[in-house]
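Record features (TrEMBL):
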type     : residues                                     : note
ACT_SITE : Lys11                                        : active site, charge relay system
ACT_SITE : Thr56                                        : active site, charge relay system
BINDING  : Thr56, Asn250                                : O2 binding site
BINDING  : Thr56, Asp57, Arg176, Val223, Gln224, Asn250 : 5-hydroxyisourate binding site
BINDING  : Thr56, Asp57, Arg176, Val223, Gln224, Asn250 : urate binding site
ACT_SITE : His252                                       : active site, charge relay system
Amino acid sequence: MAELQLHQHGKSRVRLGRTWREGSVHHFVEWMVHTMLESDMELAFTDGDNTGMTATDTQKNTVYVVAKKMSKRCSIEQYATALAQHFVHTYPRVSKAKVWVEQAPWKRVEVGGIPHDHGYAMCGTEVRTTHVTYDRAGKLDVQCGVKDLKVLKTTQSGYEGFLRDAFTLLPEVRDRVMATSVTATWKYAYQPMDYDATFATVRGALLDGVFGPPKGGVYSPSVQFTLYAMAQLALERAPQVESVFLNMPNLHFLPCAPVGSGFDDDVYVATSEPHGNIEAVVTRKDAKPHCRL
Ligand SMILES: O=c1[nH]c(=O)c2[nH]c(=O)[nH]c2[nH]1
């Protein structure tokens with residue numbers, strides 16, 4: 001006999017744009033929203049009975065309704081919280097709402113050094129993310145993050161001392177290009193007053209962990225060491241953060257010696273596949289672990 005275990009239903013990849021007009025200055029965001037509802041809908045799966053079900057089409061429509069209701073400029077965390085709470089408070093069969101939001105990297109343009117009133121350009125790939133859950137007991141969980149944050153440094157990176165056997169071809173190096181696309185998520189011990197400010201603090205810490213000071217930088221003996229240094233800095237600078245998950249592919253730039261010349265740390269074969277893949281969860285001592293592995 002079969003038994004229904006966890007079940008949920010939601011809408012994926014709902015895209016929206018939202019403008020807030022503050023006089024002549026307009027603020028714009030583009031969001032990709034995913035919803036998922038845990039609800040008392042076993043009979044839909046086992047008996048084909050849809051009574052009381054919040055259709056995924058309704059969930060999609062609600063994404064837009066709640067965006068409209070956010071009358072003041074807000075962060076993705078505030079929006080996702082409002083959306084999750086709406087589902088639980090409106091639909092008695094819903095026991096837990098899960099909402100993911102990703103913010104596209106539109107940035108206000110500057111013309112002659114002056115911020116434009118309503119002009120935006122998309123520069124880069126970096127997407128700000130959040131994952132919010134809210135349940136009928138009123139438990140709210142907000143996780144923040146960033147993905148596709150691509151970083152590269154042309155030196156101050158090496159890789160030495162690793163195991164060598166018959167399968168090892170990689171030479172040891174003290175100078176190489178280090179490039180990665182950072183995915184980070186972090187959990188708070190307590191919710192910050194200002195999600196935007198805390199996001200900026202954590203993002204800044206992650207970048208400083210990679211690059212070090214502007215003159216001279218900081219040496220990376222491995223992606224692993226740099227990942228841990230980044231997470232340590234984030235925990236140090238943002239006291240609200242209790243744990244950080246980081247995933248960092250090692251995007252290899254392979255030494256290239258064009259025909260007739262040698263390799264002088266100047267020309268590389270740029271690759272994306274295959275790539276190394278390094279990840280870890282780093283928690284504040286005595287904090288609850290945060291599982292993304
Ligand atoms: O920083 C690195 N970590 C690794 O685990 C690894 N493995 C590898 O081939 N190159 C590298 N570089």
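Glycine residues also receive a Cβ, built from the backbone N, Cα and C atoms like all the rest.
Structural mapping of features recorded in TrEMBL.
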residue	record	DSSP (3 states)
Lys11	active site, charge relay system	coil
Thr56	active site, charge relay system	helix
Arg176	5-hydroxyisourate binding site	coil
Val223	5-hydroxyisourate binding site	helix
Asn250	O2 binding site	strand
- Specify the nearest of the recorded positions Lys11, Thr56, Asn250, His252 to Arg176 (5-hydroxyisourate binding site), where nearness means the distance between Cα atoms. His252
- Note on the structure: As a whole number of Å, the Cα atom of Val223 (5-hydroxyisourate binding site) is distant from the Cα atom of Lys11 (active site, charge relay system) by 36
- Rounded to the nearest Å - Cα separation of Asn250 (O2 binding site) and Asp57 (5-hydroxyisourate binding site): 40
- Message: For a Cβ distance below 6 Å to any atom of ligand 1, name the recorded positions from Thr56, Asp57, Arg176, His252 that qualify, or say none.
- Response: none
- How many whole Å apart are the CA atoms of Asp57 (5-hydroxyisourate binding site) and Lys11 (active site, charge relay system)? 7
- Query: Taking Cα atoms as reference points, which of the recorded positions Thr56, Gln224, His252 is nearest to Lys11 (active site, charge relay system)?
  - Reply: Thr56
- Taking the Cβ of Asp57 (5-hydroxyisourate binding site) as the centre, count every other Cβ atom within 10 Å, in any protein chain shown. 9
- Using a Cβ-Cβ cut-off under 8 angstroms and a sequence gap of six or more, which residues of the chain neighbour His252 (active site, charge relay system)? Ala179, Thr271, His275, Gly276
- Query: Record lists Thr56, Asp57, Arg176, Val223, Gln224, Asn250 as binding urate; longest Cα-Cα distance in Å?
  - Reply: 50
